[in-house]
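**Q** Below is a structure I'd like to ask you about.
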Amino acid sequence: MANNNDLKESLISKPSNRKDAVKKRRFRRVKSAPLAELIPGEVDGSATSARISESVFGSLHPSLIGVAAYLFIYLVVGVICFYLVRHHISGQKTNDVVDALYLTIVTMTTVGYGDLVPQSVSGKLLACAFVFIGMALVGLVLSRGADYLVEKQEALMVKALHMRQKLGPSDIMKEIETNKSRYKFILSLIFLLILIMIGTLFLTFVEKLDIVDAFYCVCCTITTLGYGDRSFSTKGGRLFAVVWILTSTICLAQFFLYLTEINTEKRQKYLVHCVLTRHMTNVDLEAADIDDDGVVNAAEFVLYKLKELGKITQDDISLMMEEFEELDVDQSGTLSVSDLALAQSSPQAKGSTSDQGRPC
């Protein structure tokens, strides 16, 4: 492991002896590397364990609490509104409050069985408003709440899959980062299958549907198809549906989202493989020569490959070079502590430093 002095050196060492350049030249991990932030250190195992336990097994995330609050407010307002117009809603009814909550969930998830239908103008306008607000809320749940809950289970899944290997906290984090989309996809598939099984069994034993009709109703519900010929008709069934419909429809959406992520990652890995295995040509050599000195050093080669991969653009490089030239006060082509001191003491630097305190 490199010591602190090594970290202060440049990214690419430049030995004076040309013959030893290939042997001595190597890349060093900088302090701001993402992996270093996730894993504080291999030596301090307690710090690593504390960080992982805090991130994976800690208290509820603020975004999850916010999503739960929005969902609670939506359901409360929906129940109140649909309860007030209950006499203008036709269909098979059980309990006024339960039916109002059930109709709110069915509207929010766009299932639309048709077993409860607003008949008045006020009821129809309420349904129009709640369906759009509900769709936006479902998108919020998908982007924050559901994804966070799946991530909370990834470490447990990695431990279960590698039980005999006795992975440490740092190994678990590395495995999660390497196969993040795959583990999310597997977890969402497991949850989806469990929800399908629970819904089918409930409809069979509580709603008294045969096994085929129960499975048919489950599929129509989680895909928000909602033909309406089979639905939850009892009070207990609708109370169960309030939770089950919301979780199952969101779980199915997450499943297809993670499936798309896996396909995207496969295409990205294929692109990386093509770029890194393609042989350099004279045209590539000329394009990679940023300073037009006739040769391409390791830094120029890395930048060129990053541009090919789409990780960085020429505009990004230009902005970085402008910042480098501003910091390189002595115009030596390298940065030192004196350069930074001189740059920070200039009037322009003081103005930019005060701006850094402002939120972006």
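Using N, Cα and C of the backbone, Cβ positions are placed for all residues, glycine too.
Note that TrEMBL annotation is computational and uncurated.
Below, the features straight out of TrEMBL:
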- 64-85: transmembrane segment (TRANSMEM)
- 71-150: domain 'Potassium channel' (DOMAIN)
- 97-116: transmembrane segment (TRANSMEM)
- 122-142: transmembrane segment (TRANSMEM)
- 183-205: transmembrane segment (TRANSMEM)
- 191-263: domain 'Potassium channel' (DOMAIN)
- 239-259: transmembrane segment (TRANSMEM)
**Q** Cβ pairs under 8 Å only, please: of the recorded stretches 97-116, 122-142, 239-259, which one is richest in them relative to the transmembrane segment (64-85)?
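**A** Checked against 97-116, 122-142, 239-259; highest Cβ contact count belongs to 97-116.
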**Q** Could you tell me the mean pLDDT the prediction assigns to the domain 'Potassium channel' (191-263)?
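**A** So the average pLDDT across the domain 'Potassium channel' (191-263) works out to 93.
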**Q** Below 8 angstroms Cβ to Cβ, which residues of this chain, lying six or more residues outside the transmembrane segment (239-259), approach it?
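**A** For the transmembrane segment (239-259), the list is 98, 101-102, 105-106, 108-109, 111, 138, 141-142, 146-147, 150, 181, 184-185, 188-189, 191-192, 195-196, 198-199, 202, 206, 218, 221-224, 232.
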